[in-house]
């Protein structure tokens, strides 16, 4: 059709008044279409630039989620294992989600550079799914933050009372007490009712100074309470977890709503490219 308008515009029959008017009209239509295409190109370039920048940022968020998942596995793992009554896969979910986002972030850059409408639509669809998933995860994390204290109190008290210095939960208790420099649930008296205390006294992880603390001292009921940390672990652990869960939930909400921007950019760019290709046919 463009070649038809160009032919009518460049070769109007001069002897016919009607044909000249038709050629003039044809010229106006053709020039209008060409001008519209020329005006669309800067818009496409601008949207492509924005979407490439966004895809790069999206790729970075994937790397952040991957890092948070790895950090959660190795740093928060002991605390989560006490809070969750069953084994939790949350760190692995973050690692998997981060990896997928990294892959699709690269796909978004490729789709934008290619200017493929169907690739951009697929990218927008993926962003909408990520938005919903992260929104649900953020809400769950925020709600879970308020349920930490009751669950941790029950599970940690049970781990202290049934401590044997060998099983997994006992090792977690040792890890918590040594790293946070605390002893017992509310204080060191929590150990007095444990199955471990009558024969062994306080565990070594309760020592306030490891160089001046030995199993004999910890079994001596006269001096053992002077060798250990006086503060309980309950308040320290719940405060630590609430702060970190709030940070994770906030970051998740921020990343989730950023997906809406990318989704809108991808949809707009896809529609404009499709319309521009149709006009050029």
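Here the Cβ of each residue, glycine as well, is placed from N, Cα and C on the backbone.
Per TrEMBL, the feature transmembrane segment maps to 51-72 (among others).
As annotated by TrEMBL, transmembrane segment applies to 92-110 (among others). Sequence-remote contacts of a segment are chain residues at least 6 beyond its ends whose Cβ falls under 8 Å from one of its Cβ atoms, and for the transmembrane segment (92-110) they are 51-52, 54-56, 58-70, 72-73, 119, 123, 126, 130, 133, 137, 262, 266.
As annotated by TrEMBL, transmembrane segment applies to 122-144 (among others).
In the structure as shown, the Cβ atom of residue 183 (disulfide bond) sits within 10 Å of 26 other Cβ atoms. Residues or ranges marked as disulfide bond by TrEMBL: 183-206.
For 245-269 (among others), the entry in TrEMBL reads transmembrane segment.
Cβ neighbour count for residue 206 (disulfide bond): 26 (other Cβ atoms within 10 Å of its Cβ, all protein chains included).
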